[in-house]
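What follows is a short report on a single structure.
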Amino acid sequence: MGIIDEAKRGQITDEMRAISKLEGIPVEKVRNRISEGKIMLIRNAKYPSRKLVPIGKRLTTKVNVNIGTSSEVVDLDMELQKVKVANKWGDTLMDLSTGGDLDAIRRDIIKASDLPVGTVPVYQIFIESFKKKSGGAYFTEDELLNTVEKHLKDGVAFMTIHAGITKDLAIRALKSDRIIPIVSRGGDMIAGWMIHNNSENPYRKNWDYVLEMFKEYDAVISLGDALRPGATGDAHDEFQIGELLETARLVKSALQKGVQVMVEGPGHVPLNEIAWDVKLMKKLTGGVPYYVLGPLPIDVGAPYDHIASAIGAAISSASGVDLLCYLTPAEHLGLPTVKQVEEGAIAYRIAAHAGDVVKLGRKARKWDDEVSYYRGKLDWENMISKLIDPQRAYQVYTQFGTPKVKACTMCGGYCPMMWAMDQVRKIGSSSSL
């Protein structure tokens, strides 16, 4: 029995109690929101990860870290170093490998990860078909489904399943005046398969069987947005919205079968449209968790897309997004290095917390208040220990040597906090004030 079925039957499980303790909300609210599909536990029940990762309504915003080889760069040691970064900064991890021995790479990443691991199974079967049959779109429906099952058996906790795109939507998008017709790699693979085989989406045709597989492992279906906007000028056009409407129907059927499901979102969205993008998705899908790639509010930010997208991510988090998929400085330019993965993950950790301060209020702001208290006291040791990256903070604090006064090297003897503390002492010792 899956966690949704348990919740619907009124059962309070150890996992629900753990979520309640982790997030600081009553266990009955956890159970109720799981029963409604508004909280998901990202896991593969047969191969639990070392970290408990719930996402959903009134929970802290989580961060996903993408890693993986490419056809141009296959360096497993580098990818395993990225896993270590993800373990430190992230909540979930996706293996998006497209080069090398994909089965071996996936299994090594799962073994090294403390986090629930996700994949995009169509990548593997498309690449295998391309190598064996001289065409990526030559795979059969059974081969695709067998790949999904193989990933589940390996312990994958969530998968991007591009089931929302229809053949009609794909053809019309490719013929349209969109700036970029399709930017989703997996979405383009499914679109190519439908056109090559003159057939409907293989996930949609076999949807009941897909649900059965995920139900067996109580893993999470992440409904991919194949037609997400890859340019801000394409945001919220008929193709993005058309796919979202199809996705909403699939969400309903998944929840009816007791299958955990979340929805993926854009992408590239102007700043003023981000909040209502979240509200629209939540309205159409009944409030299931939303997993968003930023979004990027501009298209000109590379090689600083981790910064540009963190701006959008903070707004989306504040508006109700549950899981943020990070971007790195290499986005739109190439495969990221280990350092770039870390830079992206830290930017998104900051964005997630900024959103939580709005979304969760005082509960999230307690951390900030504590840091500010120590900052006001010039208690550098305690303040630095509470910061998001204490090691880096200490390096900056001492980069010109240990300050000669209690203040830092920016203000030195003219530090307002130092002067304020001195004035407080004078006020306290004076009988005339």
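Placed from the backbone N, Cα and C atoms, the Cβ positions cover glycine too.
Copied over from Swiss-Prot, here are the features:
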- N66, M94, Y123, H162, S184, R185, G186, D225, A226, L227, R228, E264, Y291: substrate binding site (BINDING)
- H268, H332: Zn(2+) binding site (BINDING)
- C408, C411, C415: [4Fe-4S] cluster binding site (BINDING)
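Known features from Swiss-Prot, placed on the structure.
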residue: N66; record: substrate binding site; Cβ contacts under 8 Å, 6 or more apart: L93, M94, L96, C325, Y326
residue: S184; record: substrate binding site; Cβ contacts under 8 Å, 6 or more apart: H162, G224, D225, A226, L227, R228
residue: G186; record: substrate binding site; Cβ contacts under 8 Å, 6 or more apart: V120, V122, Y123, T160, H162, G224, A226
residue: H268; record: Zn(2+) binding site; Cβ contacts under 8 Å, 6 or more apart: R228, P229, G230, A231, T232, D234, A235, G294, P295, L296, P297, D299
residue: Y291; record: substrate binding site; Cβ contacts under 8 Å, 6 or more apart: I55, N64, S222, M262, V263, E264, G265, V321, D322, L323, L324, C325
residue: C408; record: [4Fe-4S] cluster binding site; Cβ contacts under 8 Å, 6 or more apart: W380, Y397, C415
residue: C411; record: [4Fe-4S] cluster binding site; Cβ contacts under 8 Å, 6 or more apart: M418
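Secondary structure at Y291 (substrate binding site), taken from DSSP and collapsed to helix, strand or coil, is strand. Cβ crowding, taken as the number of other Cβ atoms within 10 Å, peaks at A226 among the binding-site residues A226, C415. Counting every protein chain shown, the Cβ of R228 (substrate binding site) has 25 other Cβ atoms within 10 Å. Sequence-distant contacts of H332 (Zn(2+) binding site), defined as residues of its own chain at least six apart whose C-beta falls under 8 angstroms from its C-beta, comprise A302, D305. Every protein chain shown contributes to the tally, and the Cβ of Y123 (substrate binding site) ends up with 21 other Cβ atoms within 10 Å.
Annotation note: N66 (substrate binding site) sits in a strand segment as assigned by DSSP. Taking the centroid of the Cβ atoms of C408, C411, C415 as the [4Fe-4S] cluster site, the other same-chain residues with Cβ within 8 Å of it are P403, V405, A407, T409, M410, G412, Y414, P416, M417, M418.
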